[in-house]
Amino acid sequence: MAHTDKEILDGLAEIIDEIAGVPAGEVTPEKSFVDDLDIDSLSMVEIAVAAQDKFGVEIPDDQLKDLKTVQDVITYIQKQ
Amino acid sequence: MKTSPASPGARVVAFGEYQPANVVTNHDLAARVDTSDEWIRSRVGIAERRIASPDESVTDMAVAAGGKALAASGLTPEDIDLVIVATCTQRDQIPNTSASVAARLGIPAPGAFDVNAACAGFCYALGVANDAVRSGSARHALVIGAEKLSDWLDWDDRSTCVIFADGAGAVVVSASEEPGIGPVVWGSSGDRADKIYLRDHKYIYQEGQTVFRWTTTELYPVALEALERAGVAPEELTAFVPHQANLRIVEAIARKLGAPQAIIARDIVTAGNTSSASIPLALARMIERGELPSGSTVLTLGFGAGLTYAAQVLRLP
């Protein structure tokens, strides 16, 4: 099932709000998880698990370190 | 062939715990490695932990906790016919720990063996003790989790030295008319043996993200199965006492149980991660503080290197 970039962004914003308490409005494609959104490595795992439930795309732990921005995750999900 | 007379049930009748006197705070650690109180609290939820002195052994701590549980049970050393120590941090593998612990407690010639299921060890040992008592192989069993993680830590590795700690917890399991220990649900995943291991055969190391994902996504069904097999609904639980691995893991699993009324053990905040000792240590301390009245229904869940995991339901004395 294909999603648009906007759908994935909105879905991620909702997940990040729930897991890390970052207001959804602050989640924009160019934001860095670590530097801009203050999300740590364990929260990244929770976000990956929630994203898998939502979009049906598994993001393995060894990929997480390369997904630095919100756009990186959107692109990764689109490519699968 | 004849068999031993079985007992209708077995239950935990007493608890004991021991923590080393030496308190190590996050600020103490920050003076040694590049970390901070804020970082440790937000990542693992620990404020302080206890670290044994160099001459204090796993056996010493097991004796201290086991002695308290034995005293609290009102039994005499002669009554105990089985001693099981769960540990994965004993320096010497030979001789075993449990026989020495028994001798120092004056327990004459019990069955005595150690269990290594890493941080799941206490739940495994309790499961085995329950079966031994119910089958008639033993009448009163002393079950101890004791660990000295500090012997296996790289004190310059900030990803591990802030997590692990030392301590011991113990219970006495006795034959009873009414069962007070539910069926153990246990399992393992040896294909992931490389996720928590001894680096250079010396230092505990874990792949943090992988372990976090495993514990927060795959273990709550184990806990729910232990409830189901004991015939206990989540809403009947008084408390959930999982292995104190990391406060975020504890809370993530707890959220998935459907037991909002249950007290969640957060002993890790002041005890750190003490591997197989963490569940009986947390239970003993919660009982001591009056948080778990007699008759409380408690769910345990141990998990760790192996990977191994086990869960069971207890009704408290």
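Here the Cβ of each residue, glycine as well, is placed from N, Cα and C on the backbone.
Per TrEMBL, the stretch carrying the note region 'ACP-binding' among B:19-23, B:209-213, B:244-248, B:254-258 is B:244-248.
Comparing the active-site residues B:CYS119, B:HIS243, B:ASN273 by how many other C-beta atoms lie within 10 angstroms of each C-beta, the top residue is B:HIS243. Secondary structure counts, DSSP: the region 'ACP-binding' (B:244-248) has 2 helix, 0 strand, 3 coil. Recorded residues B:ASN273 (active site) and B:CYS119 (active site) have their alpha carbons 9 Å apart, per Cα-Cα distance.
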